[in-house]
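Okay, so here's the structure we're looking at.
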């Protein structure tokens with residue numbers, strides 16, 4: 001492998017505006033039911049009494065998630081046709097001419113990255129905009145973010161600059177597939193496995 005690319009996700013900046021998601025849908029000409037990049041809204045909190053005075057500790061934060069181009073992708077392991085594969089540059093992509101549309105990859109991926117396109121009759125997914133990267137550009141989602149909450153580059157450089165946190169609630173633990181992402185947590189972020197909050201927009205992700 002030449003270079004493993006990855007995404008930096010700054011949850012402290014993300015306002016959940018979905019500009020990245022819409023820019024991706026436009027650039028990739030996606031159908032309404034398919035979104036390669038999705039915005040997770042995690043929220044929770046309750047009321048607590050302190051000497052007869054009630055206080056609330058309500059919280060919410062956003063995470064912009066697409067395919068994480070994992071080091072150990074679950075999708076490639078279950079693909080019976082070999083359509084789902086990892087390139088030399090680390091991008092996990094699907095060969096749409098080979099895909100048989102069995103959806104095993106979608107069932108295996110803990111992030112729901114591979115998505116079935118009803119119109120095309122096979123699986124589709126984020127490819128990291130490798131065509132843009134080859135031209136020295138960043139993925140369209142990164143370029144479109146108005147709050148600069150996303151960045152992209154060699155994962156080793158991103159980890160050196162931002163640390164190696166790769167999981168907060170509601171994401172799964174990173175050891176399952178070793179996702180190539182780095183997360184800067186929101187002040188309200190909860191650890192993976194947290195039960196004090198819930199996914200507030202399940203139909204959108």
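A Cβ is built for glycine as well, from the same backbone N, Cα and C atoms used for every other residue.
The [4Fe-4S] cluster 1 binding site annotation in Swiss-Prot covers 14, 17, 20, 145. Summarising the environment of residue 14 ([4Fe-4S] cluster 1 binding site), the number of other Cβ atoms within 10 Å of its Cβ, over all protein chains shown, is 22. In the three-state DSSP scheme, residue 14 ([4Fe-4S] cluster 1 binding site) falls into the coil class.
For the recorded site, residue 67 ([4Fe-4S] cluster 3 binding site), the DSSP three-state label reads coil. In this view, residue 67 ([4Fe-4S] cluster 3 binding site) is surrounded by 27 other Cβ atoms within 10 Å of its Cβ, with every protein chain counted. Among the features that Swiss-Prot reports, [4Fe-4S] cluster 3 binding site is placed at 67, 70, 75, 109, with the record citing similarity to another entry.
What Swiss-Prot records for 79, 99, 102, 105 is [4Fe-4S] cluster 4 binding site, and it gives similarity to another entry as the kind of evidence. Taking a C-beta cut-off of under 8 Å and a sequence gap of six or more, residue 99 ([4Fe-4S] cluster 4 binding site) has these contacts in its own chain: 81, 83, 84, 122, 123.
Annotated compositional bias 'Polar residues' per Swiss-Prot: 186-195, in sequence order. Break the compositional bias 'Polar residues' (186-195) down by DSSP state and the numbers are 0 helix, 0 strand, 10 coil.
Positions annotated as domain '4Fe-4S ferredoxin-type 1' by Swiss-Prot: 5-33. Below 8 angstroms of C-beta separation, residues 39, 41, 61-66, 68-69, 89-91, 117-119, 124, 126, 128-129, 133, 139-155, 158, 161-162, 168, 179-187, 189 of the same chain, each at least six residues beyond the ends of the domain '4Fe-4S ferredoxin-type 1' (5-33), sit close to that stretch.
As a whole-number mean, the pLDDT of the domain '4Fe-4S ferredoxin-type 2' (59-89) in this prediction is 98. Per Swiss-Prot, the feature domain '4Fe-4S ferredoxin-type 2' maps to 59-89.
Under 8 Å from some Cβ of the domain '4Fe-4S ferredoxin-type 3' (90-119) lie the Cβ atoms of residues 1, 3-6, 30-31, 33-36, 38, 65-70, 73-84, 125-128, 130, 155, 171-172, 176-177, 179-180, 205, all in the same chain and six or more residues away from its ends. Residues or ranges marked as domain '4Fe-4S ferredoxin-type 3' by Swiss-Prot: 90-119.
For 184-205, the entry in Swiss-Prot reads region 'Disordered'.
For the domain '4Fe-4S ferredoxin-type 1' (5-33), DSSP puts the residue distribution at 9 helix, 6 strand, 14 coil. If you take the Cα of residue 102 ([4Fe-4S] cluster 4 binding site) and the Cα of residue 75 ([4Fe-4S] cluster 3 binding site), they are about 12 angstrom apart, rounded to a whole number. For residue 79 ([4Fe-4S] cluster 4 binding site), the nearest of the binding-site residues 14, 17, 70, 109, 145 in terms of C-alpha separation is 109.
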